[in-house]
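Here is what TrEMBL records for this protein:
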BINDING   E71, D145, I147, D148, D300  Mg(2+) binding site
Amino acid sequence: MAAPFLLEQQVAIAAVRRACSLTTTVFNKLVVGETLVKGDKSPVTVADFAAQAVINTVLSHAFPDDPIVGEEDAADLRTATPESDALRARVVELADDVLAQLPREHAGERAEWGLGRRWGSDALLGAIDRGCHVGGRAGRMWTLDPIDGTKGFLRGGQYAVCLALLVDARVELGIIGCPNLPADTDTDATTDDKGALFVAVRGHGAHQLPLEPSTQQQQQQQHRLLHMPRLALHDLSFLESVEKAHAALDTNARVAARLGVRAAPVRMDSQAKYAALARGGGGVYLRLPVAHGYQEKIWDHAPGSLLVEEAGGVISDYRGRPLDFGLGRTLGENFGVVAARKEVHAEVIAAVGAVLAEEAVEKEGEESVVRAMMNP
């Protein structure tokens with residue numbers, strides 16, 4: 001039986017591949033000072049804007065009626081300052097350079113997707129702003145994170161270009177491009193063979209493809225169906241964020257100890273963790289919230305969640321509830337993320353609950369001591 005969403009796959013793969021090519025070019029030519037600061041204080045580079053311009057241009061021509069829930073908007077690029085003028089010019093130049101490349105027939109690309117021509121500032125800023133959709137429960141929509149893991153990108157580590165198609169709040173297609181992830185192993189960062197593209201279609205499996213399009217025969221040889229291996233709890237390792245600001249790493253360590261996990265955690269930025277997990281690295285992805293009230297963004301988890309599910313895993317929040325992508329731009333009713341092979345997921349959830357309960361008791365005890373000292 002043919003897989004559904006074949007056209008959507010072709011379009012999304014072409015868009016993500018071109019965006020990954022752009023981000024690699026930007027990194028190699030990165031100029032200090034071409035970095036803005038977002039409201040959440042995480043760095044965002046010219047590559048973020050240019051990659052979103054490329055992907056949204058392709059999506060807008062292939063599927064003009066589909067809304068896009070993207071991370072960026074063009075407000076900072078439209079500001080009339082010398083800094084914004086210089087940044088805007090560079091974003092437009094980079095995006096147009098990538099879009100102007102002729103369609104590659106062996107990669108299934110088509111001119112009608114906006115490829116093979118330059119679009120200019122107005123069209124590209126408009127494409128970026130197409131990512132401002134509010135999300136919701138009904139209909140088709142795309143989620144986009146043009147560079148997930150901007151700190152990893154800036155330091156030459158792991159980052160990902162992430163795109164997903166949702167239909168009635170369910171992820172049906174997920175694409176993750178990982179330019180710096182080793183092609184043949186999830187942990188050997190010294191290999192020169194880097195770059196992989198991950199594709200998942202609901203009900204039709206998760207696959208790894210070459211990041212750069214090659215001949216049809218070469219692509220078939222490099223095409224891998226992904227399955228998460230069965231691992232005993234003590235053989236697992238945790239995949240977790242590099243930054244302590246993004247995940248409660250101390251709590252993760254206590255959960256690992258409770259499960260009898262002996263291996264050191266594997267830390268990397270971005271949804272590259274989902275890709276590594278889906279092809280057999282680690283065994284558990286654990287992201288517990290560090291700030292009260294923090295809400296995960298849907299573009300940070302939509303493609304990775306489907307990749308894990310189609311590779312034989314289960315993903316939920318730390319209470320075991322499914323991720324709900326129909327509440328707008330955030331996972332508003334979910335808290336944290338736990339992804340693991342289905343045979344061990346329930347045990348991981350139980351361990352997380354036990355550790356969080358212990359920490360709550362400890363915190364209450366500490367607060368009681370402080371109150372007693374302040375009110376002798």
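Keep in mind that glycine also has a Cβ here, set from the backbone N, Cα and C atoms.
Neighbour density at the Cβ, taken as the number of other Cβ atoms within 10 Å, is lowest among the binding-site residues D145, D148, D300 for D300. Cβ neighbours within 10 Å of E71 (Mg(2+) binding site), excluding its own Cβ and spanning all shown chains: 21. In the structure as shown, the Cβ atom of I147 (Mg(2+) binding site) sits within 10 Å of 30 other Cβ atoms.
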